[in-house]
Amino acid sequence: MPCVQAQYSPSPPGSTYATQTYGSEYTTEIMNPDYAKLTMDLGSTGIMATATTSLPSFSTFMEGYPSSCELKPSCLYQMPPSGPRPLIKMEEGREHGYHHHHHHHHHHHHHHQQQQPSIPPPSGPEDEVLPSTSMYFKQSPPSTPTTPGFPPQAGALWDDELPSAPGCIAPGPLLDPQMKAVPPMAAAARFPIFFKPSPPHPPAPSPAGGHHLGYDPTAAAALSLPLGAAAAAGSQAAALEGHPYGLPLAKRTATLTFPPLGLTASPTASSLLGESPSLPSPPNRSSSSGEGTCAVCGDNAACQHYGVRTCEGCKGFFKRTVQKNAKYVCLANKNCPVDKRRRNRCQYCRFQKCLSVGMVKEVVRTDSLKGRRGRLPSKPKSPLQQEPSQPSPPSPPICMMNALVRALTDATPRDLDYSRYCPTDQATAGTDAEHVQQFYNLLTASIDVSRSWAEKIPGFTDLPKEDQTLLIESAFLELFVLRLSIRSNTAEDKFVFCNGLVLHRLQCLRGFGEWLDSIKDFSLNLQSLNLDIQALACLSALSMITERHGLKEPKRVEELCNKITSSLKDHQRKGQALEPSEPKVLRALVELRKICTQGLQRIFYLKLEDLVSPPSVIDKLFLDTLPF
């Protein structure tokens, strides 16, 4: 036997790694072997590692003493090529012993602390005699108090580079310093082993004053089996038979555990016990979080543009339209669908929808401001810029104004009918009854247009049905005169009615009587005011939405009227109107009501004349609107 040591004597010269020989076949050169190369597999039960080492086998020798167990410096040699492969004898009840005793390993300045054994030394013949390739621990006499357990250090990360340390293996025929990592065998042959290198420092005395184990940590890697990878002793031994090199493992009377690989900064209780912590799931990369929809086309929109949450496409379209002052024409009936798929079909309807949802044209930089990212020119700030903390107070007036303009343009006839237009003396041809019937027909057509127009005013449909009907019937004559005055070319005696019919003044004189001259004068005065379309839209809405006798909820009607007035004031305050329009609109309302009184007088006269019985709807409207 090449190494024999006494129990309490220093190690003989032949037991050190510098003079260790085995026969005459091996040299005594000192080398630094490469540490084990690890092949890691992530499994569902934990982290398994397949280790292949460059030494074929290693062994320690010990002497049997019934009352002492002390680890001596390792004497390692190489097995002859013809010798049998070392096997590993597993402990059959190591899980129970592991749970009953908490063992800690303190690795500091290249030494180990003394531990109390958890199982008495082997006494049976089967447990006492093991192959020469096994490692034994025997209890040392309790000359000094045992050192209390220290918390284990966190295991080195797999990414850390293993430092070089002097080894105690003599190269021989079976040892190749350039040996490559052996590919992993079958899943059953993989052995979960954790290697923790020791820094190349000389041993230091125990910090607690106790004797440390006489085991050189640079001689071999510290081995530890996690509990999660433990299995029956027989199956483990059979699985390890196919390993390229036999790895001796001592009976686990004292366990040196290392925390397994974890993804957290500090080891948890489960990692200290060798259990595999649950791996965190990858973050959920949801593409729809935090995004809204475009108010114009319904596409994805991340932020607001020009006061409204819109997509990049509608933002660019609106900006180009405003900067170029482009004018679009709808080839259909001005109600084309605007969505993600069909938003490029009609530019007119797309731009009108941009305005209706509240996009502000004044926010778009003009040609003189293109490319500037600084401050806008100093001018009176709009309420939108002065009070950004509020939820956008000017938005309701802007939305109301756009809706009123859209309602007025929709009520305008698209095609003019000149089929009955006759400016000569033949215009007076026909009987009086025919002219009166024509007068009634034009009034009836105006009622239908007024009803569809009123339903497009924001907030009107929220009123009670009774109030809606009362407001429309009370203002039908005012709306009739106002639309006729806006569309007609009274300077040439051309009157354009709600259904698109164009008649000369002489063609209408026998049915309208003197009321037609009052309408012509009002039209000339209104057109001389140079009101823009926004002011005309507000004038039309205010002529209907006003205080009337018999309303069920007059407060709500008053609130709606105030919103329309605020829209007109806001339009004037921004300087968009050519001239101050609010006083002109109020004066026009007063004149309009006077003209409507003359219209009621004309209907009353035709009823008395009784040439043609009026339609039921005209008769009812006449009776409901009488001031007495």
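Note: Cβ is positioned from N, Cα and C throughout, glycine not excepted.
Summarising the annotation, Swiss-Prot assigns DNA-binding region to 291-366. Break the DNA-binding region (291-366) down by DSSP state and the numbers are 26 helix, 8 strand, 42 coil.
According to Swiss-Prot, the feature compositional bias 'Basic residues' maps to 97-113.
The compositional bias 'Pro residues' annotation in Swiss-Prot covers 142-151.
Annotation comment: Swiss-Prot describes 270-289 (among others) as compositional bias 'Low complexity'.
The compositional bias 'Low complexity' feature in Swiss-Prot is assigned to 379-389 (among others).
What Swiss-Prot lists as domain 'NR LBD' is 396-625, and the listing cites sequence analysis. Confidence for the domain 'NR LBD' (396-625), expressed as mean pLDDT, is 87.
The region 'Activation function (AF)-1 domain' annotation in Swiss-Prot covers 1-112.
If you look up Swiss-Prot, you'll see 96-163 (among others) marked as region 'Disordered'.
Residues annotated as region 'Disordered' in Swiss-Prot: 269-290 (among others).
Taken from Swiss-Prot, the feature region 'Disordered' covers 366-396 (among others).
The feature region 'Interaction with KAT2B' is assigned by Swiss-Prot to 381-628.
Annotation source Swiss-Prot lists zinc finger at 294-314 (among others).
If you look up Swiss-Prot, you'll see 330-354 (among others) marked as zinc finger. Long-range Cβ contacts of the zinc finger (330-354) within its own chain (Cβ-Cβ under 8 Å, at least 6 residues beyond either end) map to 294, 296-299, 308, 310, 313-314, 317-318, 321, 406, 409-410, 414.
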